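Enquirer: First the structure, then my questions, so here it is.
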Amino acid sequence: MAFNISTQLNKEQRAAVTCGKGVNIVYSGAGTGKTTIISQRFAYLFNQKRINPSNILALTYTRKAASEMKQRILELLPEKYHKDVNIYTFHSFCSRFLREEGQKNFVIDDDLSNFLKDFLKESELKSQKVLQIIDGFKNAYFDFDTNSLKDDERLVELCEFHLDPQERNFQLFKETAIAAFVEYEKGKQQNNKIDFADLLIKTCTLLSKDHKLLRKWSKKFQYILGDEFQDTNQIQYELIKMLASHHQNLFLVGDNNQMIYRWRGAVSDIIDSLKSDFKVRPENEFYITQNYRCDQNILTVANSILGTIYAKENQPDSTKGFLFSAIKSNRLPVYFQASSVEGQHSWIINKIKNLHKNHGIQYKDMAILFRTNRNMDSMTEALEADGSIPLKQNKGFFKQLETFKKVLVALITRSNYDIKLALKSLRVWPNVLNKSLTVNEQVNLDKILQNLEQAIFLDEHTRGELTEAAKVFTRLIKFVEEQQFEALLAFTFEALNTDQFVCNFIFRTLQKLQTENKNFTITDFINELRFQQDELKQSKDNVINLITVHSAKGLEFEAVFIYGINQDNFPLKSKNQIIDLQRELDELRLFYVALTRAKKYLFLLSVYQMSGEIIYPSKFIRFINKEDRLEIATINHKVHQDDEFFDSSKTEDYQKKYLTENTDFVNGDSVSHRTYGKGVVVEVREDAVCVAFKNSKYGQRWIVKNHRDLVKAVY
């Protein structure tokens, strides 16, 4: 596909794409075309500098981003060079490196919380929370020279970052988290497992200790291109430095204003480290500020948040990062303060319907963004109760996929731990084995299940219970040994009662491997399944998107609702917690990311009260000049359920629709509504009731208690 750099890139982009050798840093703001810049840089090196694609390495963070980048680059290269293109996530590159260098016998496990569950049984810490702490620590502070973690103080700091104030007040919690790390690493080693952080650690350790290996790989890649550089953690930076050590040609694209992953090890001064390590000159820094995604009115709001960030950081020449757009309309972003959480739900639901019905916006092109996952549940319940807006249903899919992988992992490792998980999933695990394993830690389940007569320490009754489990396990082993993969899948699917959609995905993955590599192993199959999960999480169905702001990074939508912009929620803060400047800047950057996901419509929402207590809007709202930059949707703190409310041509006084006193309702009350008809109260909250209407067309709806149209009835 022909692409003319001189006409199809703007001046800023063109200067970056055609820069010379050495280390070049491109500060590319939200929606300014990062993927375009990297793909065009790749094509420029091939077409103008005659660099073979096999000698260029492009690194990014997600499979989705890598896939999009690869597609763009392949369109710009002759077909005969397609097989030579090297575009990877950090993890997939490390997986390739380890396998090429003889490190083949490992299983990547992205759900290792079970190792911690027993250990933390007596603690109030959750295993997933400890895993976050461990992952951030490993990614940030591994010392390759000593092959050890650098200091306990950093682990304690990460505990401070992730734990609630009540947890942080007790030294016991910190000690538990540190001890859990030791237990976690021991469990992985005993079961021949590695996590994604280990891929990076093993790769960097090998490169740092084997100079011939380092020379081989650093000579191979003449140019290295990096995406989203602001999210780089210490270990990823060390890998980039080593790979670039011979040619020292780096082209790194990122945006410091979108650095939102400090909690998982991203280093805030990584750009400064890069400049110092490679002696980067000012002429090798490029700023890309023309946005191709958002309406200018949305960018005006986003720039006001950037201005706040720059002021708090005392940045000189701070306007360099401000974005501008050629997309202009008379449509302002909207701020709405609902009277309650239920009112917020109602307003969002009605607005989604209005955008879909009257403006032709598909549900898949709208997103509700949340600061945390816990905010999502009540909104999901409200959407389910309404029933008219399609929702993404992915939880069951991924749970079934994880269960299937547990069975396959057991067939590779043959460890007691994995066999137990697999047989429990297959519902053939005899409970008597729990006691047997505790009494005799030398028990080898693999041998017992394949040769029951050797289980002399078990009585006849116990051996009888094992028979069914043994039949299942030995049959699975036979499938693996004889490489009957289709039979293995069919048998496992039937035993697990796997949904057809999950089966189809797994079969497609198997067929892909069979086409690409006839000598693939079951380990390759498992790892490929793990690597492809990111792609599945981006459903193509026409459903509304409910995601956290962190998950929304890199995405864009026609309409965006930012949920719950209230004090203590955004910025996120626990009771009695004091937010320091660095934490506030992290939250401001996250808010900026949320704002810049919207292309046309942006809605900022907060609530007036929750559980009977008045709560204040986030100070982030105050950082925006509302009179000039926001349309204020309402100030009367009432739940608006009328479709007409969203039509600016209507001038009715909505305050007249509400009584001055709340009506007392209890569950089971019979009620009547002027529009929806007869119904029964099924839930009562502070200022609203949920009514199940007899007319199935209306289903269950939340209505403010003192709405004039809602009255008690006897019938």
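Here the Cβ of each residue, glycine as well, is placed from N, Cα and C on the backbone.
What you see is a predicted model, and the numbers here were worked out from it, not measured in a lab.
The ATP binding site annotation in Swiss-Prot covers Gly31, Thr32, Gly33, Lys34, Thr35, Thr36, Arg293. Annotated domain 'UvrD-like helicase ATP-binding' per Swiss-Prot: 7-295, in sequence order. Marked as domain 'UvrD-like helicase C-terminal' by Swiss-Prot: 296-554.
Help me see these features in their spatial surroundings.
Expert: According to its DSSP assignment, Lys34 (ATP binding site) is helical. Counting only residues at least six positions away in the same chain, the Cβ atoms of Ser28, Asp227, Glu228, Val253, Asp255 sit under 8 Å from the Cβ of Lys34 (ATP binding site).
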Enquirer: Report the largest Cα to Cα distance, in Å and rounded to a whole number, among the residues Gly31, Thr32, Gly33, Lys34, Thr35, Thr36, Arg293 that the record lists as binding ATP.
Expert: 13
Enquirer: Suppose the ATP site is Gly31, Thr32, Gly33, Lys34, Thr35, Thr36, Arg293. Which further residues of the same chain have a Cβ inside 8 angstroms of that site's Cβ centroid?
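Expert: Surrounding the site, in chain order, are Ser28, Ile37, Ile288, Asn291, Tyr292.
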Enquirer: List the same-chain residues at least 6 positions away in sequence whose Cβ sits under 8 Å from the Cβ of Gly31 (ATP binding site), in sequence order, or say none.
Expert: Asn291, Tyr292, Arg293, Cys294, Leu323, Ser325, Glu556, Thr596
Enquirer: Give me the count of other Cβ atoms within 10 A of the Cβ belonging to Gly33 (ATP binding site).
Expert: 21
Enquirer: Taking only same-chain residues 6+ apart in sequence, whose CB is under 8 Å from that of Thr36 (ATP binding site), what do you get?
Expert: Leu9, Gln13, Arg72
Enquirer: List, in sequence order, the same-chain residues at least six positions removed whose CB sits under 8 Å from that of Thr32 (ATP binding site)?
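Expert: Sequence-distant Cβ neighbours: Gln13, Ile288, Thr289, Gln290, Asn291, Tyr292, Leu323.
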